[in-house]
Amino acid sequence: MAKRVYQVWKGNNKFFFGGRLIFGPDARSLLVTLLLILVPVIIFCALVARHLRHEFPAYNAGYAIIVVAVVFTIYVLVLLLVTSAQDPGIIPRASHPPEEDFHYESSASVEAGGRRTPSLQFPRTKEVLVDGVSVKVKYCDTCMLYRPPRCSHCSICNNCIERFDHHCPWVGQCIGLRNYRYFFLFVSSSTILCIYIFSMSALYIKILMHNDHGTVWEAMKESPASVVLMAYCFVSLWFVGGLTGFHLYLIGTNQTTYENFRYRADSRLNVYNRGCFNNFFEVFCTKTKQSKNNLRAFVQEESERPPAANTQEPEVDDLGGNPRSKVEDDLEIGGDLLAISQRRNFEEADENVDLRSRGSNGKQQRDSSEAEFALGLDRQEAQYSSRGRRSGSWDIMTDTQTMDHAVPRSRNDSGQ
(Lines of atoms letter the chains of each structure in order from A and count residues from 1; the text may use other names and numbers.)
(Lines give C-alpha, C1' and ligand atoms only; values in the text may rest on other atoms or scores of the structure.)
Protein backbone atom coordinates (compact mmCIF):
# COMPACT_ATOMS: atom_id res chain seq x y z
CA MET A 1 0.00 0.00 0.00
CA ALA A 2 1.35 3.42 -0.95
CA LYS A 3 2.40 5.63 1.93
CA ARG A 4 1.96 9.35 2.31
CA VAL A 5 4.74 11.88 2.70
CA TYR A 6 4.17 12.47 6.42
CA GLN A 7 4.42 8.72 7.08
CA VAL A 8 7.97 8.52 5.69
CA TRP A 9 9.05 11.95 6.96
CA LYS A 10 12.76 12.05 7.85
CA GLY A 11 12.55 14.99 10.23
CA ASN A 12 11.69 14.88 13.94
CA ASN A 13 8.23 16.40 13.55
CA LYS A 14 4.99 14.98 14.91
CA PHE A 15 1.82 14.82 12.82
CA PHE A 16 -1.85 14.76 13.76
CA PHE A 17 -5.11 14.30 11.84
CA GLY A 18 -3.49 12.46 8.95
CA GLY A 19 -0.67 14.93 8.39
CA ARG A 20 -2.89 18.00 8.40
CA LEU A 21 -1.15 19.39 11.49
CA ILE A 22 2.63 19.37 11.89
CA PHE A 23 4.31 20.02 15.23
CA GLY A 24 7.87 19.99 16.46
CA PRO A 25 9.33 17.09 18.47
CA ASP A 26 8.68 18.97 21.73
CA ALA A 27 4.95 19.45 21.11
CA ARG A 28 4.18 18.42 24.69
CA SER A 29 5.43 21.79 25.87
CA LEU A 30 2.25 23.23 24.36
CA LEU A 31 0.33 21.79 27.32
CA VAL A 32 2.45 23.85 29.70
CA THR A 33 1.87 26.98 27.62
CA LEU A 34 -1.88 26.34 27.57
CA LEU A 35 -1.96 25.99 31.34
CA LEU A 36 0.03 29.20 31.81
CA ILE A 37 -2.60 31.05 29.78
CA LEU A 38 -5.85 29.36 30.78
CA VAL A 39 -5.39 29.02 34.54
CA PRO A 40 -4.89 32.77 35.23
CA VAL A 41 -7.80 33.68 32.94
CA ILE A 42 -10.14 31.21 34.66
CA ILE A 43 -9.15 32.55 38.08
CA PHE A 44 -9.67 36.11 36.86
CA CYS A 45 -13.14 35.43 35.45
CA ALA A 46 -14.29 33.43 38.49
CA LEU A 47 -12.90 35.51 41.36
CA VAL A 48 -12.34 39.02 40.03
CA ALA A 49 -14.37 39.86 36.92
CA ARG A 50 -17.49 38.24 38.40
CA HIS A 51 -17.52 40.92 41.13
CA LEU A 52 -16.67 43.76 38.79
CA ARG A 53 -19.79 43.23 36.67
CA HIS A 54 -21.91 44.83 39.41
CA GLU A 55 -19.68 47.87 39.74
CA PHE A 56 -20.70 49.20 36.32
CA PRO A 57 -24.48 48.84 36.16
CA ALA A 58 -24.97 51.30 33.32
CA TYR A 59 -25.67 49.38 30.11
CA ASN A 60 -24.40 46.25 31.88
CA ALA A 61 -20.88 47.42 31.14
CA GLY A 62 -19.53 45.12 33.85
CA TYR A 63 -20.21 42.09 31.66
CA ALA A 64 -17.95 43.53 28.99
CA ILE A 65 -14.97 42.91 31.28
CA ILE A 66 -15.63 39.16 31.22
CA VAL A 67 -16.41 39.11 27.50
CA VAL A 68 -13.19 40.93 26.59
CA ALA A 69 -11.13 38.56 28.73
CA VAL A 70 -12.71 35.43 27.19
CA VAL A 71 -12.59 36.65 23.58
CA PHE A 72 -9.04 37.87 23.85
CA THR A 73 -7.94 34.59 25.42
CA ILE A 74 -9.50 32.63 22.55
CA TYR A 75 -7.68 34.91 20.11
CA VAL A 76 -4.35 34.22 21.84
CA LEU A 77 -4.96 30.45 21.81
CA VAL A 78 -5.79 30.49 18.09
CA LEU A 79 -2.56 32.34 17.35
CA LEU A 80 -0.69 29.79 19.45
CA LEU A 81 -2.23 26.92 17.49
CA VAL A 82 -1.57 28.53 14.10
CA THR A 83 2.03 29.20 15.05
CA SER A 84 2.81 25.70 16.28
CA ALA A 85 0.65 23.52 13.99
CA GLN A 86 1.76 24.65 10.54
CA ASP A 87 4.80 24.27 8.34
CA PRO A 88 7.24 27.01 9.41
CA GLY A 89 8.97 26.98 6.03
CA ILE A 90 10.62 23.57 5.75
CA ILE A 91 12.69 23.10 2.62
CA PRO A 92 12.18 19.60 1.15
CA ARG A 93 15.21 17.34 1.26
CA ALA A 94 16.97 16.29 -1.90
CA SER A 95 17.30 12.60 -2.72
CA HIS A 96 20.90 13.04 -3.87
CA PRO A 97 23.54 15.80 -3.91
CA PRO A 98 23.47 18.29 -6.80
CA GLU A 99 25.58 16.62 -9.47
CA GLU A 100 26.26 19.81 -11.38
CA ASP A 101 28.52 20.94 -8.53
CA PHE A 102 30.80 17.89 -8.63
CA HIS A 103 34.29 18.22 -10.02
CA TYR A 104 37.39 16.06 -10.07
CA GLU A 105 40.73 16.97 -8.54
CA SER A 106 43.57 14.97 -10.10
CA SER A 107 46.08 15.68 -7.34
CA ALA A 108 43.78 15.24 -4.38
CA SER A 109 44.40 11.59 -3.52
CA VAL A 110 47.34 9.23 -3.74
CA GLU A 111 46.87 5.50 -3.94
CA ALA A 112 49.23 2.88 -2.55
CA GLY A 113 52.27 2.65 -4.77
CA GLY A 114 52.54 6.40 -5.32
CA ARG A 115 49.92 6.74 -8.08
CA ARG A 116 47.79 9.87 -8.17
CA THR A 117 44.21 9.30 -9.20
CA PRO A 118 41.31 11.73 -9.69
CA SER A 119 39.10 12.15 -6.60
CA LEU A 120 35.63 13.62 -6.19
CA GLN A 121 35.51 17.15 -4.78
CA PHE A 122 32.41 19.02 -3.58
CA PRO A 123 32.29 22.75 -2.74
CA ARG A 124 30.99 23.40 0.76
CA THR A 125 29.91 26.98 0.07
CA LYS A 126 28.60 29.00 -2.85
CA GLU A 127 28.27 32.70 -3.59
CA VAL A 128 24.84 34.12 -4.49
CA LEU A 129 23.77 37.69 -5.14
CA VAL A 130 21.18 39.39 -2.91
CA ASP A 131 20.31 42.91 -4.09
CA GLY A 132 23.66 43.07 -5.85
CA VAL A 133 25.63 41.98 -2.78
CA SER A 134 27.45 38.64 -2.68
CA VAL A 135 26.18 36.35 0.10
CA LYS A 136 27.74 33.01 1.00
CA VAL A 137 25.42 30.01 1.35
CA LYS A 138 26.41 26.67 2.85
CA TYR A 139 25.76 23.09 1.84
CA CYS A 140 23.64 20.98 4.22
CA ASP A 141 24.89 17.41 4.50
CA THR A 142 21.62 16.21 6.07
CA CYS A 143 19.24 17.70 3.49
CA MET A 144 21.78 17.40 0.61
CA LEU A 145 21.16 20.88 -0.74
CA TYR A 146 22.59 24.37 -0.69
CA ARG A 147 20.62 26.38 1.85
CA PRO A 148 18.98 29.51 0.45
CA PRO A 149 19.96 32.85 2.01
CA ARG A 150 18.71 33.27 5.62
CA CYS A 151 18.05 29.54 5.83
CA SER A 152 19.47 27.38 8.61
CA HIS A 153 19.20 23.76 9.75
CA CYS A 154 17.35 23.27 13.05
CA SER A 155 19.05 20.54 15.07
CA ILE A 156 15.88 19.93 17.12
CA CYS A 157 13.46 19.47 14.23
CA ASN A 158 16.21 18.17 11.89
CA ASN A 159 14.97 20.30 9.00
CA CYS A 160 16.26 23.24 6.99
CA ILE A 161 13.97 26.20 7.75
CA GLU A 162 13.58 29.11 5.37
CA ARG A 163 14.29 32.48 7.06
CA PHE A 164 15.04 30.61 10.28
CA ASP A 165 14.48 32.76 13.40
CA HIS A 166 14.76 30.30 16.29
CA HIS A 167 13.21 27.17 17.76
CA CYS A 168 10.70 28.16 20.41
CA PRO A 169 10.11 25.52 23.12
CA TRP A 170 6.99 27.34 24.36
CA VAL A 171 5.16 26.74 21.08
CA GLY A 172 6.97 23.47 20.31
CA GLN A 173 7.88 24.53 16.78
CA CYS A 174 10.51 26.29 14.71
CA ILE A 175 9.85 29.93 13.89
CA GLY A 176 10.51 30.63 10.25
CA LEU A 177 9.24 32.35 7.15
CA ARG A 178 5.67 31.05 7.21
CA ASN A 179 4.79 31.38 10.92
CA TYR A 180 6.90 34.31 12.16
CA ARG A 181 4.01 36.76 11.70
CA TYR A 182 1.69 34.64 13.86
CA PHE A 183 4.41 34.10 16.45
CA PHE A 184 4.86 37.83 16.90
CA LEU A 185 1.08 38.36 17.11
CA PHE A 186 0.89 35.61 19.73
CA VAL A 187 3.63 37.14 21.87
CA SER A 188 2.31 40.70 21.58
CA SER A 189 -1.30 39.58 22.26
CA SER A 190 -0.13 37.69 25.34
CA THR A 191 1.51 40.90 26.51
CA ILE A 192 -1.74 42.83 26.08
CA LEU A 193 -3.67 40.09 27.89
CA CYS A 194 -1.26 40.29 30.84
CA ILE A 195 -1.65 44.06 30.98
CA TYR A 196 -5.45 43.73 30.85
CA ILE A 197 -5.67 41.20 33.70
CA PHE A 198 -3.18 43.18 35.79
CA SER A 199 -5.15 46.40 35.28
CA MET A 200 -8.55 44.87 36.11
CA SER A 201 -7.16 43.18 39.23
CA ALA A 202 -5.65 46.46 40.42
CA LEU A 203 -8.97 48.19 39.68
CA TYR A 204 -10.81 45.70 41.85
CA ILE A 205 -8.37 46.33 44.74
CA LYS A 206 -9.01 50.06 44.42
CA ILE A 207 -12.79 49.56 44.39
CA LEU A 208 -12.56 47.48 47.59
CA MET A 209 -10.54 50.23 49.26
CA HIS A 210 -13.09 52.85 48.21
CA ASN A 211 -16.18 50.90 49.29
CA ASP A 212 -14.86 49.81 52.68
CA HIS A 213 -12.78 52.91 53.35
CA GLY A 214 -9.95 50.64 54.23
CA THR A 215 -6.28 50.39 53.49
CA VAL A 216 -4.48 48.58 50.70
CA TRP A 217 -3.60 45.70 52.99
CA GLU A 218 -7.21 45.19 54.01
CA ALA A 219 -8.32 45.19 50.37
CA MET A 220 -5.59 42.69 49.48
CA LYS A 221 -6.71 40.40 52.32
CA GLU A 222 -10.27 40.57 51.06
CA SER A 223 -9.25 39.57 47.48
CA PRO A 224 -6.06 37.48 47.57
CA ALA A 225 -6.79 36.26 44.01
CA SER A 226 -6.26 39.78 42.72
CA VAL A 227 -2.88 39.95 44.44
CA VAL A 228 -1.79 36.62 42.97
CA LEU A 229 -2.90 37.65 39.48
CA MET A 230 -1.10 40.98 39.71
CA ALA A 231 2.13 39.27 40.78
CA TYR A 232 1.83 36.63 38.07
CA CYS A 233 1.14 39.17 35.32
CA PHE A 234 3.99 41.39 36.51
CA VAL A 235 6.49 38.55 36.20
CA SER A 236 5.04 37.41 32.85
CA LEU A 237 5.32 40.93 31.46
CA TRP A 238 9.08 40.81 31.88
CA PHE A 239 9.15 37.79 29.60
CA VAL A 240 6.49 38.36 26.92
CA GLY A 241 6.81 42.14 27.07
CA GLY A 242 10.58 42.04 26.67
CA LEU A 243 10.22 39.51 23.86
CA THR A 244 7.71 41.77 22.09
CA GLY A 245 10.05 44.74 22.28
CA PHE A 246 13.00 42.71 21.03
CA HIS A 247 11.08 41.42 18.01
CA LEU A 248 9.82 44.91 17.22
CA TYR A 249 13.47 45.89 16.91
CA LEU A 250 14.21 42.84 14.73
CA ILE A 251 11.28 43.58 12.42
CA GLY A 252 12.27 47.24 12.11
CA THR A 253 15.80 46.28 11.05
CA ASN A 254 14.75 43.16 9.07
CA GLN A 255 16.80 40.71 11.11
CA THR A 256 16.14 37.30 12.59
CA THR A 257 17.03 36.20 16.09
CA TYR A 258 19.60 33.81 14.64
CA GLU A 259 21.23 36.54 12.56
CA ASN A 260 21.23 39.02 15.43
CA PHE A 261 23.02 36.70 17.86
CA ARG A 262 25.42 35.19 15.32
CA TYR A 263 26.44 38.16 13.18
CA ARG A 264 26.17 40.97 15.73
CA ALA A 265 29.87 40.74 16.68
CA ASP A 266 30.97 40.56 13.04
CA SER A 267 29.49 43.99 12.19
CA ARG A 268 28.24 42.64 8.86
CA LEU A 269 26.21 44.74 6.48
CA ASN A 270 22.53 43.82 6.61
CA VAL A 271 21.65 43.44 2.94
CA TYR A 272 17.99 42.66 3.76
CA ASN A 273 17.18 45.99 5.47
CA ARG A 274 14.79 47.97 3.23
CA GLY A 275 13.86 50.67 5.70
CA CYS A 276 11.62 50.51 8.77
CA PHE A 277 8.30 50.97 6.95
CA ASN A 278 9.07 48.46 4.21
CA ASN A 279 10.36 45.97 6.76
CA PHE A 280 7.10 46.07 8.74
CA PHE A 281 5.13 45.90 5.50
CA GLU A 282 7.06 42.78 4.46
CA VAL A 283 6.24 40.96 7.70
CA PHE A 284 2.58 41.92 8.18
CA CYS A 285 1.19 42.87 4.78
CA THR A 286 2.58 40.29 2.38
CA LYS A 287 0.91 37.04 1.49
CA THR A 288 2.14 33.96 3.32
CA LYS A 289 4.03 31.71 0.94
CA GLN A 290 2.57 28.34 0.16
CA SER A 291 4.19 25.35 1.83
CA LYS A 292 6.72 23.45 -0.26
CA ASN A 293 5.66 20.15 1.33
CA ASN A 294 2.46 18.32 0.42
CA LEU A 295 2.38 16.12 3.50
CA ARG A 296 -0.72 14.18 2.45
CA ALA A 297 0.54 13.35 -1.03
CA PHE A 298 1.46 9.77 -1.84
CA VAL A 299 5.13 8.93 -2.05
CA GLN A 300 6.26 8.22 -5.58
CA GLU A 301 9.09 5.81 -6.17
CA GLU A 302 12.05 7.64 -7.55
CA SER A 303 13.07 6.45 -10.99
CA GLU A 304 16.67 5.60 -11.67
CA ARG A 305 18.64 8.69 -12.51
CA PRO A 306 20.40 8.72 -15.90
CA PRO A 307 24.19 8.75 -15.75
CA ALA A 308 25.82 12.14 -15.60
CA ALA A 309 26.71 13.55 -19.00
CA ASN A 310 30.41 13.36 -19.82
CA THR A 311 31.86 16.36 -21.63
CA GLN A 312 34.84 14.39 -22.92
CA GLU A 313 34.67 11.89 -25.77
CA PRO A 314 34.83 8.33 -24.44
CA GLU A 315 37.89 6.32 -25.31
CA VAL A 316 37.22 3.10 -27.19
CA ASP A 317 38.99 -0.23 -26.85
CA ASP A 318 40.83 -1.68 -29.81
CA LEU A 319 38.76 -4.85 -29.52
CA GLY A 320 35.34 -4.16 -28.10
CA GLY A 321 34.48 -0.54 -28.77
CA ASN A 322 32.89 0.06 -25.31
CA PRO A 323 33.84 3.23 -23.34
CA ARG A 324 36.62 2.65 -20.83
CA SER A 325 35.81 2.82 -17.18
CA LYS A 326 37.66 5.15 -14.85
CA VAL A 327 39.43 2.30 -13.05
CA GLU A 328 40.66 0.72 -16.28
CA ASP A 329 41.97 4.05 -17.48
CA ASP A 330 43.86 4.53 -14.23
CA LEU A 331 45.49 1.09 -14.58
CA GLU A 332 46.56 1.76 -18.15
CA ILE A 333 47.92 5.18 -17.27
CA GLY A 334 49.91 3.61 -14.45
CA GLY A 335 51.30 0.96 -16.81
CA ASP A 336 52.32 3.58 -19.38
CA LEU A 337 54.09 5.62 -16.72
CA LEU A 338 55.97 2.52 -15.60
CA ALA A 339 57.04 1.73 -19.18
CA ILE A 340 58.35 5.25 -19.65
CA SER A 341 60.28 5.04 -16.39
CA GLN A 342 61.81 1.70 -17.45
CA ARG A 343 62.77 3.14 -20.81
CA ARG A 344 64.64 5.98 -19.15
CA ASN A 345 66.47 3.56 -16.86
CA PHE A 346 67.40 1.40 -19.83
CA GLU A 347 68.74 4.39 -21.80
CA GLU A 348 70.91 5.43 -18.87
CA ALA A 349 72.31 1.88 -18.53
CA ASP A 350 72.94 1.71 -22.28
CA GLU A 351 74.79 5.01 -22.25
CA ASN A 352 77.06 3.77 -19.44
CA VAL A 353 77.90 0.66 -21.50
CA ASP A 354 78.73 2.80 -24.54
CA LEU A 355 81.01 5.04 -22.51
CA ARG A 356 82.94 2.06 -21.22
CA SER A 357 83.39 0.37 -24.57
CA ARG A 358 84.60 3.53 -26.43
CA GLY A 359 85.21 1.23 -29.41
CA SER A 360 84.83 1.93 -33.02
CA ASN A 361 81.71 -0.24 -33.13
CA GLY A 362 80.06 1.56 -30.19
CA LYS A 363 77.80 3.68 -32.30
CA GLN A 364 76.52 0.77 -34.37
CA GLN A 365 75.93 -1.35 -31.28
CA ARG A 366 74.00 1.43 -29.61
CA ASP A 367 71.87 1.87 -32.68
CA SER A 368 71.11 -1.83 -32.77
CA SER A 369 70.22 -1.89 -29.06
CA GLU A 370 67.89 1.09 -29.49
CA ALA A 371 66.23 -0.65 -32.41
CA GLU A 372 65.71 -3.75 -30.33
CA PHE A 373 64.30 -1.64 -27.52
CA ALA A 374 61.87 0.09 -29.88
CA LEU A 375 60.77 -3.33 -31.15
CA GLY A 376 60.24 -4.43 -27.51
CA LEU A 377 58.09 -1.37 -26.82
CA ASP A 378 55.91 -2.09 -29.85
CA ARG A 379 55.40 -5.63 -28.61
CA GLN A 380 54.63 -4.32 -25.13
CA GLU A 381 51.96 -1.93 -26.42
CA ALA A 382 50.42 -4.77 -28.41
CA GLN A 383 50.30 -6.85 -25.21
CA TYR A 384 48.47 -4.02 -23.35
CA SER A 385 45.78 -3.70 -25.99
CA SER A 386 45.26 -7.48 -26.32
CA ARG A 387 45.01 -8.28 -22.61
CA GLY A 388 41.73 -6.43 -22.25
CA ARG A 389 43.18 -4.44 -19.28
CA ARG A 390 43.57 -7.20 -16.79
CA SER A 391 45.19 -6.87 -13.40
CA GLY A 392 47.87 -4.19 -13.33
CA SER A 393 50.29 -6.28 -11.21
CA TRP A 394 50.43 -9.08 -13.87
CA ASP A 395 51.17 -6.55 -16.66
CA ILE A 396 53.95 -4.90 -14.69
CA MET A 397 55.64 -8.25 -13.99
CA THR A 398 55.61 -9.20 -17.70
CA ASP A 399 56.97 -5.80 -18.75
CA THR A 400 59.74 -6.02 -16.22
CA GLN A 401 60.76 -9.43 -17.49
CA THR A 402 60.87 -8.08 -21.08
CA MET A 403 63.17 -5.27 -20.02
CA ASP A 404 65.39 -7.67 -18.05
CA HIS A 405 65.91 -9.77 -21.21
CA ALA A 406 66.61 -6.68 -23.29
CA VAL A 407 69.37 -5.27 -21.03
CA PRO A 408 71.65 -8.39 -20.98
CA ARG A 409 71.25 -8.75 -24.74
CA SER A 410 72.47 -5.19 -25.30
CA ARG A 411 75.39 -5.76 -22.99
CA ASN A 412 76.41 -8.96 -24.81
CA ASP A 413 76.27 -7.11 -28.11
CA SER A 414 78.49 -4.36 -26.79
CA GLY A 415 80.95 -6.90 -25.40
CA GLN A 416 81.30 -8.53 -28.77
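We number each residue from 1, going along the chain as drawn.
For all residues, glycine too, the Cβ spot is worked out from N, Cα and C.
Nobody curates TrEMBL annotations by hand; they come from automatic prediction.
Fair warning: this is a prediction, and the values are worked out from it, not measured in the lab.
For 30-49 (among others), the entry in TrEMBL reads transmembrane segment.
Listed by sequence, the residues of this chain that lie at least six past the ends of the transmembrane segment (61-83) yet keep a Cβ under 8 A from its Cβ atoms are 30, 33-34, 37-38, 41, 44-45, 49-50, 52-55, 171, 173, 175, 179, 182-183, 185-186, 189-190, 192-193, 196-197, 200. Per TrEMBL, transmembrane segment is recorded for 61-83 (among others).
For 138-262, the entry in TrEMBL reads domain 'Palmitoyltransferase DHHC'.
Under the heading transmembrane segment, TrEMBL lists 182-205 (among others).
The annotation transmembrane segment is assigned in TrEMBL to 225-252 (among others). Here the transmembrane segment (225-252) has Cβ contacts under 8 Å with residues 36, 40, 43-44, 47-48, 184, 187-188, 190-191, 194-195, 197-198, 201-202, 204-205, 260, 276, 279-280, 283 of the same chain, all six or more residues outside its ends.
Summarising the annotation, TrEMBL assigns region 'Disordered' to 300-330 (among others).
The region 'Disordered' annotation in TrEMBL covers 348-416 (among others).
Residues or ranges marked as compositional bias 'Basic and acidic residues' by TrEMBL: 406-416.
Counting residues 6+ beyond its ends, the transmembrane segment (30-49) has Cβ neighbours under 8 Å at 23, 65-66, 69-70, 73, 76-77, 80, 84, 170-172, 190, 193, 197, 200-201, 204, 223, 225-226, 228-229, 232-233, 236 in the same chain. Helix, strand and coil residue tallies for the domain 'Palmitoyltransferase DHHC' (138-262), in that order: 76 helix, 17 strand, 32 coil [DSSP].
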